[in-house]
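So that you can see what the record holds, here are the features copied from Swiss-Prot:
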TOPO_DOM  1-102  topological domain 'Cytoplasmic'
REGION    23-64  region 'Disordered'
COMPBIAS  33-46  compositional bias 'Low complexity'
MOD_RES   Ser39  phosphoserine
MOD_RES   Ser42  phosphoserine
MOD_RES   Ser45  phosphoserine
TOPO_DOM  124-142  topological domain 'Extracellular'
TOPO_DOM  164-169  topological domain 'Cytoplasmic'
TOPO_DOM  195-224  topological domain 'Extracellular'
CARBOHYD  Asn212  N-linked glycosylation site
TOPO_DOM  256-274  topological domain 'Cytoplasmic'
TOPO_DOM  296-309  topological domain 'Extracellular'
TOPO_DOM  335-380  topological domain 'Cytoplasmic'
TOPO_DOM  403-422  topological domain 'Extracellular'
TOPO_DOM  447-450  topological domain 'Cytoplasmic'
TOPO_DOM  474-582  topological domain 'Extracellular'
DISULFID  Cys506-Cys536  disulfide bond
DISULFID  Cys521-Cys555  disulfide bond
CARBOHYD  Asn566  N-linked glycosylation site
TOPO_DOM  606-614  topological domain 'Cytoplasmic'
TOPO_DOM  641-673  topological domain 'Extracellular'
TOPO_DOM  692-723  topological domain 'Cytoplasmic'
REGION    700-723  region 'Disordered'
COMPBIAS  701-723  compositional bias 'Low complexity'
Amino acid sequence: MPQHAMGDTHFLSLPKHLFTSTSSATDSGCDTPPSSRASPASLRSAHGTLGSSSQPLFEPQAEKRSSQTAREVQYVSSGPQNSLCGWQAFTPKCLQVFNTPKGFLFFLCAASFLQGMTVNGFINTVITSIERRFDLHSYQSGLIASSYDIAACLCLTFVSYFGGNGHKPRWLGWGVLVLGIGSLVFALPHFTAGRYEVEMDEGLGTGTCLTNQSHVECKDSASGLSNYRLIFMLGQLLHGVGATPLYTLGVTYLDENVKSSYSPIYIAIFYTAAILGPAAGYLIGGAMLNVYTEVGQRTELTTDSPLWVGAWWIGFLGTGIAAFLIAIPILGYPRQLPGSQRYVVMRAAETQQLKDHSRGAVSNPAFGKTVRDLPLSIWLLLRNPTFILLCLAGATEATLIAGMSTFGPKFFEAQFSLSASEAATLFGYLVVPAGGGGTLLGGFLVNKFKLRGSGIIRFCLFCTLTSLLAFFVFLMHCPNVHMAGVTTGYVGSLLPKGQLDLKAACNAIYCCQPKHYSPLCGSDGTMYYSPCYAGCPADAETDLGGQKVYRGCSCILEKASSGWGNATAGKCASTCQSKPFLLVLVFVVIIFTFLSSIPALTATLRCVSDRQRSFALGIQWIVVRTLGSIPGPIAFGWVIDKACLLWQDQCGHQGSCFVYENEAMSRYMLIAGLTFKVLGFLFFVAAYFLYKSPSVSSDGLEASLPSQSSASDSPTEQLQSNV
């Protein structure tokens with residue numbers, strides 16, 4: 001900390017700030033006592049004429065004293081502002097107990113929890129079911145997931161720039177309402193697409209083939225279900241518009257209304273709620289997938305069947321209604337919480353050193369009020385190399401998070417031979433402690449060790465390097481379950497990669513339709529495409545567990561005894577020995593990826609000026625979404641499609657993928673993960689070396705600030721600190 005010797009006393013060197021504050025709440029509500037209001041005459045006598053502006057004023061002034069600069073901070077309280085909690089004139093005193101940072105944090109966490117549960121939980125959980133129900137490819141479902149970020153990018157500049165200088169809680173409340181509308185739109189295809197009907201392959205039957213059967217069924221099945229992806233994209237676009245204020249205006253509103261040392265904790269709690277939302281979405285969504293999509297209708301399908309489609313739409317109806325309920329209290333919060341402006345100078349003291357012309361522009365009280373200042377605001381951020389590098393680092397992390405969160409359940413489903421609901425639930429069990437715990441722990445560590453600027457970036461470097469090393473877990477993979485005609489021949493020989501041969505001597509005389517995909521596990525440990533391709537009779541028994549059992553299947557070699565083989569409907573269980581180790585390292589990747597999220601966000605807030613924080617977060621989210629969240633699901637979906645072995649045949653057109661090659665899927669995940677992790681590490685390294693620490697520390701300044709009550713009630717106060 002720079003010190004200036006003036007006799008036996010050392011003064012803290014600070015820029016001179018003149019700023020105003022709203023009045024604090026009294027015990028009986030948010031009303032300001034008349035005695036605490038400073039008259040204009042008293043202000044003029046104490047400090048001279050300050051003008052009528054009620055906004056924070058930043059007027060750097062230099063005064064030479066014995067060849068040294070002694071600069072002081074003056075605190076000036078403004079006239080009363082409306083800081084009551086309520087709606088228009090309806091501001092009952094019973095509501096003022098919530099008019100605190102903690103009260104606002106509660107409702108903001110509820111909104112972020114709901115957004116995370118909907119966008120990053122339910123959608124990622126049901127994506128496989130939607131592909132199945134509406135005949136979509138993975139890249140098409142990836143485009144649905146990316147539509148959220150596309151809408152956010154289109155709105156971020158407008159929302160962060162004008163919302164940053166406007167009434168933030170109102171922007172947030174209306175955003176949550178739009179989010180709820182998007183959820184209702186997303187559930188709409190279930191009610192307009194008609195009933196989900198599946199033709200089951202029950203076995204050989206009579207064994208007769210109808211020559212015109214395929215043509216008739218193809219003609220009748222041309223329903224254009226894949227066009228419903230446009231409705232899903234519209235719902236996601238509304239989700240993106242509604243969620244845009246949450247992670248820009250919501251974060252800066254918290255940062256503006258709490259002490260700077262507590263800001264990482266508040267933001268970490270907020271982001272932890274946003275992480276726990278997807279976790280709850282995975283768990284609740286997984287449970288909903290165990291309910292048949294046509295609720296109340298009986299079906300012979302089981303949850304283990306690849307043709308099973310769960311009730312994917314129920315969660316979106318619930319979140320749509322909940323969003324309307326959460327938006328109401330958020331709309332009632334004031335522009336500023338009582339006593340918040342006492343933290344302005346503390347935030348300014350922690351800000352990275354800016355160039356003279358940048359500091360002069362943002363110190364103007366009128367800066368950022370009109371659209372004419374928008375080009376200059378963007379230019380000032382583009383000239384900040386630390387900010388740009390942190391944006392690029394965030395984009396690389398967002399690519400992985402978006403891609404893996406969208407297709408993580410599908411990866412588990414393929415590797416461990418699980419049903420869609422089992423895979424979603426397992427992935428949720430990893431996300432709950434790893435994502436939520438990592439986010440909360442990151443903010444706690446920044447506060448615990450008083451990390452500032454360069455120290456925060458060093459911490460991000462450590463987290464990125466650790467998760468990069470853990471990503472080598474994808475060198476491992478679980479072998480594919482042997483599937484006759486797909487991964488292995490009917491006589492046990494291996495098939496050339498990419499070559500399918502479902503016909504064999506044991507089923508050649510029967511009329512087996514490849515569109516009837518209904519896998520079953522034979523007693524020989526091999527999985528078969530359908531009962532017909534396994535040579536099973538039409539009649540099937542039902543065991544005590546409710547599963548269908550086929551006996552006398554001609555293509556299954558019984559190993560325990562001579563005679564015909566048996567088979568059970570559903571996939572064969574995976575015997576992967578490396579499953580526990582793979583899950584542990586995936587947990588490490590997730591926790592260290594999220595461990596750096598709050599520190600990186602805090603570093604972004606500390607490397608730009610106070611007036612540009614909302615706008616800077618908006619620009620950062622544009623970069624993160626444009627380069628990360630939008631291409632992430634699309635790229636990962638395209639990569640996963642490359643690993644497909646068996647496609648659904650929709651009358652000569654590819655439907656969704658039935659079977660993936662596990663080794664190729666792991667290899668592609670490894671290449672993608674290492675590429676983006678290395679880039680992120682390099683961006684953090686460059687940001688560390690280009691970051692310029694502030695010339696004044698905020699540690700000494702914090703002790704010199706008045707208490708919250710005095711900051712709000714005392715009309716005039718000079719702050720000097722001995723060190």
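Note: Cβ is positioned from N, Cα and C throughout, glycine not excepted.
Applying an 8 A CB threshold to same-chain residues 6+ apart, the list for Cys555 (disulfide bond) reads Ala484, Tyr490, Ala504, Cys506, Asn507, Gly522, Tyr528, Tyr533, Ala534, Gly535, Gly565. In this structure, Cys506 is the one among the disulfide-bonded residues Cys506, Cys521, Cys536 with the smallest number of other Cβ atoms inside 10 Å of its Cβ. Residues in the topological domain 'Cytoplasmic' (447-450) partition by DSSP class (helix H, G, I; strand E, B; coil) as 2 helix, 0 strand, 2 coil. Note: the Cα of Asn566 (N-linked glycosylation site) and the Cα of Cys536 (disulfide bond) are spaced 8 Å from each other. Distance noted between the C-alpha atoms of Cys536 (disulfide bond) and Cys521 (disulfide bond) is 12 Å. Over the topological domain 'Cytoplasmic' (1-102), the average per-residue pLDDT in this prediction is 48. Residue environment of Asn566 (N-linked glycosylation site) contains 20 other Cβ atoms, counted within 10 Å of its Cβ in all protein chains.
Helix, strand and coil residue tallies for the topological domain 'Extracellular' (124-142), in that order: 16 helix, 0 strand, 3 coil [DSSP]. With a threshold of 8 Å between CB atoms, the same-chain residues lying at least 6 positions outside the topological domain 'Cytoplasmic' (447-450) that come near it are 261-262, 264-265, 699. Taking DSSP states H, G and I as helix and E and B as strand, the topological domain 'Extracellular' (474-582) has 6 helix, 27 strand, 76 coil. Tertiary neighbourhood of the topological domain 'Extracellular' (124-142): same-chain residues 189, 193, 196, 225-226, 228-229, 232, 278, 281-282, 285-286, 288-289, 293, 306-307, 309-310, 312, 315, 405-410, 413, 420, 424, 428, 633-638, 640-641, 648, 650, 654-657, selected by CB-CB distance under 8 Å and a gap of 6+ residues from either end.
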